[in-house]
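Worksheet: the structure to be examined is printed underneath.
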Amino acid sequence: MAPPAKRARGLTLPGYKYLGPGNSLDQGEPTNPSDAAAKEHDEAYDKYIKSGKNPYFYFSAADEKFIKETEHAKDYGGKIGHYFFRAKRAFRPKLSETDSPTTSQQPEVRRSPRKHPGSKPPGKRPAPRHIFINLAKKKAKGTSNTNSNSMSENVEQHNPINAGTELSATGNESGGGGGGGGGRGAGGVGVSTGSFNNQTEFQYLGEGLVRITAHASRLIHLNMPEHETYKRIHVLNSESGVAGQMVQDDAHTQMVTPWSLIDANAWGVWFNPADWQLISNNMTEINLVSFEQEIFNVVLKTITESATSPPTKIYNNDLTASLMVALDTNNTLPYTPAAPRSETLGFYPWLPTKPTQYRYYLSCTRNLNPPTYTGQSQQITDSIQTGLHSDIMFYTIENAVPIHLLRTGDEFSTGIYHFDTKPLKLTHSWQTNRSLGLPPKLLTEPTTEGDQHPGTLPAANTRKGYHQTMNNSYTEATAIRPAQVGYNTPYMNFEYSNGGPFLTPIVPTADTQYNDDEPNGAIRFTMGYQHGQLTTSSQELERYTFNPQSKCGRAPKQQFNQQAPLNLENTNNGTLLPSDPIGGKPNMHFMNTLNTYGPLTALNNTAPVFPNGQIWDKELDTDLKPRLHVTAPFVCKNNPPGQLFVKIAPNLTDDFNADSPQQPRIITYSNFWWKGTLTFTAKMRSSNMWNPIQQHTTTAENIGNYIPTNIGGIKMFPEYSQLIPRKLY
C-alpha cells in the first residue's frame, strides 16, 4: 500500500502553517492570529483563481484585508506579510470591485481587525477622505489607480529593512542604535492615514509598578530652505570695538545647513500639567523604556504670485514635489538637542508648530586678549580664525544618512528605539551631613510644652564616640559622618579653552535658607509663545528660575576654615571668612576656590524640569564619563534615539544653470502630521509615614494659570517634580 500523500506546505515561514506561498488549505488550525489571517487570505485567492482571475499579479481586496488584519501584529511573520502586501499595493494595479470573489455573495459583515497579543484593539477609523483623487480621476481616467498609489522607487528596499530593524529593536532591551525607519505609501494621494492622539495612558501592572505611555501629535509647518547649501559662518561679538565684557562673549563658528530638525526631547511635548501632577504626586521613580515617531499625511503646496498690483498669491497642491526625511540611527552627525535653546516642538497640541534649523559647531581658534586682569574698562582684542586643519569635521546629511523621499499622502516611521538608562527618583532628600546617623544622647529632656523649651546635652568634652578633631571637643559640627552629602563647588568661574571662555557647569541643588542661587546651580529658563509665554502681544519673553527640591545646597557666605590644630576660640588668625583676602589678592573670595568634591561625595541626579527641561541626553564619547549631565536627567548608555531631519526637496524651474550655486526654485512649503509614543515605567509611592505630605495642587487663586485668556493666550508654568520627601540614611 502506497504511503498517504503529504499535504503541500509550500514556502511557509517557520512556525506557521499558512503564512507563505504554495501551501494547501488543509494544514489544520492556524498557529496565531497572523497565520489565521493568512488562511483567510489563501481561501480568497483560491476563489479568485476559480473565477478565472489572477490575484498574484493584481492588488486585491483580499490583500487589503490582510494588511488591516496584521496592522498590529507583533510576530515576525505577520510584520513581514504586512509590509510585503503594502509594497504590492504601491506597485501593482488594482482589481476592480466586480473582480472580488465577495461581490456576488451576501454583504460582508463588518468586523473589527483581528487582535494580536500585546496590542490594543484599534478604534474605528472614518472612511478615507479623498482630497485630490476626484480631480486626478478627471484628468487621467484610466491611470488614477496607479497614480494614487505612487511611491518612491525605494519602497521595496526600505519596507523590509524597516520591518527587520523594528524586530531587532524590539528584541534589544539594551538600547543600541536609534531604531530603523522607512517611508511607505499611504494607499493613495489624499487618503487620510494615521491618527491624532495626545493622551497619556497609565497602566497599573501590579506590585507598585506602572507603565506610562505618552502619545504626542503635532501639525508641523515647513517652508523650503532659504538656500540649498551648507555655510560656515563666523560669529563675533555684537558690540565690536566697545570695551570688552568677557561674560558676554559670543564668538564662535557654526555650520548652517538647509535641513530642519524635529526634536521632541522636552517634557512639555509629552505631558500636560494634569499628567505631571499625577506623576509627581504618586510616583517615586521613573525610567525610560521606548520611543518611536512617525510622519504622515504629507501635504506639499506651491505658491505663485500674479503680476497684478498688489500681487495675488495662488496656492496649488503639488503631487510631484517631495519631502526629504532622514533618520540618523547611528548618531553619525553632531548631536544637537534643541531644548536648551527652547526650539523643540511646541507644547500645545492644538497649535501648529515648526522644526528648528539644523546647525552645529565647527572648530575655531578664539583669540581673546584682555589688557588687564583687574578691570574691564579697556578694549579687549577680539578675533576668530578657522580651526586647525587637523580638527575640522564637516558633515553633510546627504552623504552620512539614508534619505527617504515622500510625496503627498505618504508616511514615514522610525521604528521602535529602546532606552538603556538609570531610573530617576521623583523624590527629594532633606538629609544633610548634619542629620545622618544617631543623634547625640540628651542630658535632660524638657518638662514644659513648647519649642521654646529645648533639651540639653552633656558637656562637649564628656561625650563618648569618635569625631574628626584632635582635641576633646565632640560637637555636632565635628561629628564624623559616613559621606559628604552634596559638595561645595567653585562658582562664577570662567575657564578659558581654545574656543573661548565658558562658565563651569554646576549640578543644580536647592538653596539654603540664605537663598544663594548661583552657587547652587540655579537654571534660568526663557521661552517664547510655543513653549510657555502667555501671549505674543508683549515683546517681553517669559522667564523663570529653577531650583531643585533636594536640600544638599551650600551657603558660601557662611563657610569658614579653621586653623590647625583646632582652637575653639574664633580669633582673627583662626577663622578664614569669605571677606578675608587669600594670598593678598583683592576680590578673590574663599567660596570661589573651595571644592569639596571627592570620593566620599554623595549627590542626587539632575531633577526633571517640566515643561521646558530636556528628557534624555547622549553620553559623551570620552574615556572618563561624567556621573551626571546638567541638561537632562537620563543619559543613554548607548546611542540615543536618532535625530530626525526633514527638508523640502529642490523644486526647480526650467531656468537651470549648472554653473551657478543657486538655482531658481518654485516656492514650495509643506504641512504634515507628526506623532510619537514615549513609554516609561514608574514605581508608585507607598504610604509609610504618619504625616501627610505636600502635594502638587491648585487653589482658587492660581487655577487661572492653567486656562486660556479671553484672546486664547495660555501660559505653561514650571512644576516641581520631586515633592515627596525621602530619607538618605
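Along the chain as shown, the residues are counted starting at 1.
Just so you know, glycine gets a Cβ as well, placed from its N, Cα and C.
Check Swiss-Prot against the ranges 18-63, 478-523, 570-615, 662-707 and you find region 'Phospholipase A2-like' recorded for 18-63. Looking at the stretches 1-38, 343-380, the one that Swiss-Prot records under the feature region 'Disordered' is 1-38. Residue counts of the compositional bias 'Polar residues' (24-34) by helix, strand and coil are 2 helix, 0 strand, 9 coil (DSSP-based). Sequence-distant contacts of the region 'Disordered' (437-465), counting only residues of its own chain at least 6 positions beyond either end whose CB sits under 8 Å from a CB of the stretch, comprise 472-476, 479, 481-482, 729. Using DSSP to sort the residues of the region 'Phospholipase A2-like' (18-63) gives these counts of helix, strand and coil: 21 helix, 1 strand, 24 coil.
Counted with DSSP, the region 'Disordered' (437-465) comes out as 3 helix, 2 strand, 24 coil.
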